[in-house]
Amino acid sequence: MTFNPGKKLYISDVTLRDGSHAIRHQYSIQNVQDIARALDKARVDSIEVTHGDGLQGSSFNYGFGAHSDLEWIEAAADVIQHARVTVLLVPGIGTVHDLKAAYDAGARSVRVATHCTEADVSRQHIEYARELGMDTVGFLMMSHMIPAEQLAAQGKLMETYGAQCIYMADSGGAMNMNDIRDRMRAFKAVLNPQTQTGMHAHHNLSLGVANSIIAVEEGCDRIDASLAGMGAGAGNAPLEVFIAAAERLGWNHGTDLYTLMDAADDIVRPLQDRPVRVDRETLGLGYAGVYSSFLRHAEVAAAKYGLKTLDILVELGRRRMVGGQEDMIVDVALDLLAARKEQQA
């Protein structure tokens with residue numbers, strides 16, 4: 001395909017959803033409005049707002065939010081004039097009833113997210129989103145875990161259900177530029193020309209921006225990113241960094257770089273109780289291909305049982321645990337503890 005550098009990129013901010021993982025889902029209403037207002041001023045195309053694990057993610061398994069999804073959505077919608085309010089919905093966590101409530105609260109776009117091999121569970125939610133008239137996205141998580149052609153086939157399923165855009169989500173921050181190129185080409189080979197594609201990167205191997213650039217060069221229409229990289233693990237592709245790189249490449253992104261830079265440093269970074277960066281633990285996520293939002297849960301388990309967070313994460317990767325299996329983190333920690341005691345006996 002021919003790359004068109006003048007094509008308007010759709011910039012999708014995830015600070016208020018994926019970024020929620022970084023502070024254990026404790027955004028205040030004021031935080032949400034400050035961030036949403038700045039993003040809207042910078043003219044991003046969409047602002048995703050929910051618990052980090054999507055609609056109804058607030059739970060014992062994933063962590064309780066400081067507010068309900070609807071409170072966060074309404075708070076953002078009250079101050080946004082340009083961008084679409086977007087929500088994440090994981091079938092099995094959120095329901096179509098939750099989606100209708102989110103729509104009534106102001107959401108106009110939804111990403112229906114499944115594990116990369118489970119697109120078939122998204123049908124009901126995608127079809128209902130289209131009935132509501134929402135911009136509807138199929139979102140394939142942990143996309144590094146299956147080959148490109150298999151991933152594309154899962155995306156095609158979501159397209160047949162009515163998804164208008166198909167995303168590859170590098171939830172473990174484990175992919176490199178060749179992985180992205182292969183998967184984006186596979187998408188383009190099977191999806192209808194009018195179906196858009198999207199890239200959701202994590203920065204665990206410091207490749208979030210590079211991978212997003214490669215995706216665009218392969219025809220990707222939508223790019224996820226977050227202010228100061230605020231997100232699970234080492235964070236997402238930092239929005240202000242991606243936009244600066246896109247600007248230097250002469251791409252049409254439609255946003256104001258300096259407004260994003262100010263928001264990242266003045267509003268978002270001070271909220272981080274644990275720096276969102278590549279370090280021993282977050283690098284372990286990318287190296288082992290582990291779901292990025294496992295990080296904070298693994299840190300709690302490590303502190304409780306006197307283990308290294310990295311050891312827990314690597315074992316989770318070895319067992320090929322995926323999003324939704326947060327309850328297994330304690331099981332893994334107990335197994336590691338038992339193995340250590342056995343060695344010491």
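The chain as shown is numbered from 1 upward.
A Cβ is built for glycine as well, from the same backbone N, Cα and C atoms used for every other residue.
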His200, His202 bind Mn(2+) according to Swiss-Prot; which of Asp18, Asp34 goes with them?
Asp18
According to Swiss-Prot, Arg17, Asp18, Ser171, His200 bind substrate; which one of Tyr287, Tyr291 is annotated to that same site?
Tyr291
Other residues with Cβ within 8 Å of the Cβ centroid of Asp18, His200, His202 at the Mn(2+) site?
Val14, Ala169, Asp170, Ser171, Gly173, Ala201, Asp224, Ser226, Gly231, Ala232, Asn236, Ala237, Ser292
Considering all pairs of residues in Arg17, Asp18, Ser171, His200, Tyr291, annotated in the record as contacting substrate, what is the maximal C-alpha distance expressed in whole angstrom?
15
Asp18 (substrate binding site) to His202 (Mn(2+) binding site): how many Å between their Cα atoms?
10
For Arg17, His21, His200, His202, listed as recorded positions, tell me which one has the smallest number of other Cβ atoms within 10 Å.
His21
